[in-house]
Every structure is written in C-alpha cells, then in structure tokens.
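The structure appears below as structure tokens.
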C-alpha cells in the first residue's frame, strides 16, 4: 500500500505542477489555455529526445523541455493573444491536437505510435525499487514546491497584481501605461514552460510515452483541478489537483464493495461518481475550495485640503 | 449547505484514509491475487467485457473446486480505458496496492507496452492479446505471454492470398497507429518475399477524421490494382465509401474485424468482392465450445467472442502455471507455463484436468480455446488458425483456413 500511495502522490505532484502553471495563465491572467496537454507532451518528447537520442543528462532534458515549451508558448500566444479569450481557447485546443498528430506522424523523431522508450530516470544509480520510488517522489515534490513558492511570490508581487487587473479589465492597466501584451506573453510563456517541465518529469517517470498519453483528457483533469481548487489562488490549485487525483484514484477502491456489479458497470459507475462529485463541489462552492483572496487595502485618505 | 473549509478538509482526510482501513479488513487469509485489466471503456470498449467475463467465469469455477494450491483466487478487475496513461495508473494500483502476481487481459498494444516497464520492475507476469511486432522488445525477463499472433503472421497469410489472386502490386493503407504501422511493414516484407511489391509509399491516415475524401482521392490517384487496408471498422467504412464513390474498381483486401455486420449493413452490395482474413478460434473444437458454454453462449459454427476465448486461455494458463510451480513467483510460474503450454504431455483443456495431472505427477500439454497455445521462447505464439474469406452476396464465403506459422 505504501508503494501505491507513493506512486499516486508522484502522479499527483505532476498534476499539481500542471494546475499551478494553468493558474498562472488562467487563474491570474484569464488566458484560456485548453492546450495544456500540447505543452505537456512537447516537454515530454523534448526531454526524451534530449536524454535518449542525444544522450544528455536529465537536467539538460528538463532544461530543453522548458525552453521548447516556453518558445512554443510564445509562438502560440503571439498568434492569438491579441484576440479575446475564446479565440485563444480554440487556438490552444488546435495546438494540442496538432502536437499529438506531430508526435504520431514524425516517426524519425518520436518513434510514432509505437512509443518512445526512455531509460534515463531522475534517480541515483543503485537504489532498490522502494527507494527509487521514494526518491522520484522527493524530486517531484521538490519541483512542485519550487514552482509553488515562485508562483505564489509572483502572484502577490506587483507583477501578479498587473496580471489580475488584466484579467478583470485590460483597459485599466493599459491606461496606467502597462504593456498588456508583454504581460500576457510573460504569463503565458511562464505557464507553458512549467507545463513542459511537468511533461519532462512525467516522461522520465513512466519511461514510455506514446501520442495516446497526450489526449485532451489530461487537460480536462487539470482544468477540473483548478476549478475545484479555486482559480486565482495558488494554494487552491495545489489542493484542487490533490482532491481531483484523490477522487480519481479513490473511486478504484469502491469495486470490492460492489461485488454485485460487473467490472464493466463498476467502471462506468466510477466515471458517474467522479462527475457527480465535481458537480456537487461546483454547485455548492463555485468559487472553488480555496477562493482567491484579494487583500483589500484601506482606501487612501484624501489629502488634507489646503 | 455550505461546505466549510474545515468540513471539507476533515471529510477529505476520511475519504483518503478509507482505502487503508478497507484493506486491513480484507487481507486476512492469503488468497492468490490476480489483476484483470481489460479495455472496458475507450476504443477497445466493445471487446473488454468479454475478456473480463472469461476471466471471472474461470476464477469462479476454480474457486468452487478448491482454488489453486488450496488457496482462494481473488481476481481484481481494472479498466485500462484503452489508454496507456490511465492504464499505468491502474497498473500501479494493481501492483503496489493489491500486490498482484500477474496482470492479464490487456488488449491494445500501446497499453500492454505502456505497463510493461512497471511489470518488469516488479516481476509481474503479463498474459495478453496483442499483435504489434514490437511487443517482445519490452520484455527482458521472459515474463510475457501473448495469445494473439503478431502482425508478421497475419501478413504472411494475406500476402499469400493477394499473390494467389494475381495481385503482385498492392498498395497499403491504414490508420496511423501502432497496429497498422507494424502491419504495413510486415505486409510489405511478406509481399516482397513472394516477388511482389507495395505500390508507392505505404499510406497512413489519421484515424477519427470527419471526412476521408482527400485520403481516398490520393489512393485512387496511385491507381493500384489492389489495396490492402489495415483499418478498424470505424475508419474503414468511411474510407471504403469514399473509394467506391471516387470510382475505384481494384481489389480491396482487409482484415475481418473491419468488415463485420456493421460494415455490410452500411455499404450493402458494394461489399461484394472484398477479400479479408484474420486469426480465428478453432470453430467446432471441444475447447472452444467449452469456453462458449462457460460464458453462456451457444456454439453456432461461427466466430464468436474472438477476444474472450483468448482471455479464457490467459487465465487458465496463469492458474495452471501457479498450481504446477506451487508458487506465485513470476519466474517460476513463467517456466511452468512454458512446460504446460508446449508439452509434451497429455492433452488438457481446463484447469481441473490439468490439476488432476499435476496431482498425479504427470506432464501435460494445454490445448486452448483460441489456439493450441504453444509459445516461442519470447512468449509469442508459434501458430494460430487463420481464415481467409471473400464477401459474396453480402455473406462471408470461406476460401481457406490455414495454420499460420510464426516461427519462420
């Protein structure tokens, strides 16, 4: 059981990182990125190609993932960022699908549908099976913690305040002389490169990636995490990812309690339960479990007349 | 009701720890735990339930007769969702939480390959059905057994048929997935061995498109005398329609599962003349009929539950292997399965027959519901029955049944 919990926490850590990245883009800045899985997959393959095809160490793979993910984020956002939210949503959705087709068809680079085998792992040599699992979990938690601390600081900084004001009404910061496009671009690139970093971690953890690993389902889980947790709040994003993973995995253990149903029915029921729980959360707590808290500053006093 | 943060956190904590309490409650005796991971949803959804049912039916029967090594067998079913990402999480649960000794029943090659690193690391046996030629590559410990012949074996029979009918120049088309990609390579190699060749480049399209007109036009422009299409029924129907609409008059060769009743209903008389083939269970053989009756189906001389019969062999071989090895250690069980499946020894078709021989200390040779279940050194089948058909007046007319030899 311990080993299983370690494995699930490792998966959860990846979703935490993805949810934090999406929170930077959507929660703070209001950029609708439905192409989470495109950047995630790009990171996974970039990192894999760096370590397997080019034989570089894993740190180079992670770095390559962040650079490629960030560059792709810049290109995608420059294509569409001037347009309003809905257009960006469609462009990113298209981007994710394009990426999946590229992974599937560029066999010379990605080995296509047969899957890309990755032998490099983020561990020290010579650890046993249990120790390896714990080590990987430690690395992932560390990365998640670093992303959280950095993003949380950014969210509370003047940078974060500008992003929030862009989300609420981009005319206001523009009037105050802020370059709205540059801020949107920064937020999007930051988020995309962290999504790619998560992809890199995932690839070296599961060790085989195929284009089927990067379907929209993953993006849906990340969006669920953010909406359940509370968009705009970094702690909410973390909690949301943990809750969604817990629901998703926890429902597996219902099967022994329902011996009277066939596995096919249990499988269908699992998705019904997941859907219902999410609806309940959104119905009773639409702002998320940990809503965004904006500290109201005391209104500045009018300067004394005269 | 307002869900306060405190209420939420406390209820989440209870929900998260609940599985731990449940497990301590359940793990009293020491049953043999086996994972059944079938595609209950997703692309393999039509085939998963029959595999899952076959596993459960055999386990129920074995448990009713005293279990394996006198221990109860506990079968834990998980849904692979026909998706390697979801399958890896399900496999983690089976391996780390349930501590299974074997995972049976994976269907899509991408899923089987996706969970293979985990199974290898944890020394978990895998028995499955898949046809990608890359399947043996992921196994370095001799822990896999595949009840489906690899593409190489299918391709030999189909290329043979094409050449017999006078088609030495054949175009290849198929969806861009693991199955069709390796089928394309194998078919080209088989055709070349017979002195034929592939027209142009093998043509791959992306499955799940709204329209296949552009793809069909391109195929027609290549003007091949025959096309071998390794499609699934969902993409084969629209591609075939576009080909006929575009005026293609050459021969179509395909796989039987693409031209089932759905296809014949959809295209009507346009289906006539198509040549197709696929591995088939041994129709009319006692072992196949015994499987069908076990899951409540009346044998009717037709191919029924072509994946369920493989699942029946998966679970029988796994349980017999454990009984013979008197152990659930995967390397011992794998060695026992090799002896049981390949013989020599008395023919057995069920767990009960095999157990009687083991108790008497005699060797055996398992003869399965899907094939004679003889394995090569790498865990792939030596041979399977293969049938070739031609569609005439909307019905499949059998041309010949052969036994394909995968060892060549």
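Every residue gets a Cβ built from N, Cα and C, even glycine.
Look at TrEMBL and you will find A:6-24, A:31-51, A:57-79, A:131-151, A:187-206, A:218-248, A:260-282 tagged as transmembrane segment.
If you look at the transmembrane segment (A:187-206) against the transmembrane segment (A:218-248), you find fewer than three C-beta pairs under 8 angstroms, all six or more positions apart, and that falls short of contact.
Relative to the transmembrane segment (A:218-248), the listed stretch A:6-24 leads the set A:6-24, A:31-51, A:57-79, A:131-151 in CB pairs under 8 A. With Cβ pairs under 8 Å as the measure, the transmembrane segment (A:6-24) is packed most heavily against A:131-151, out of A:31-51, A:57-79, A:131-151.
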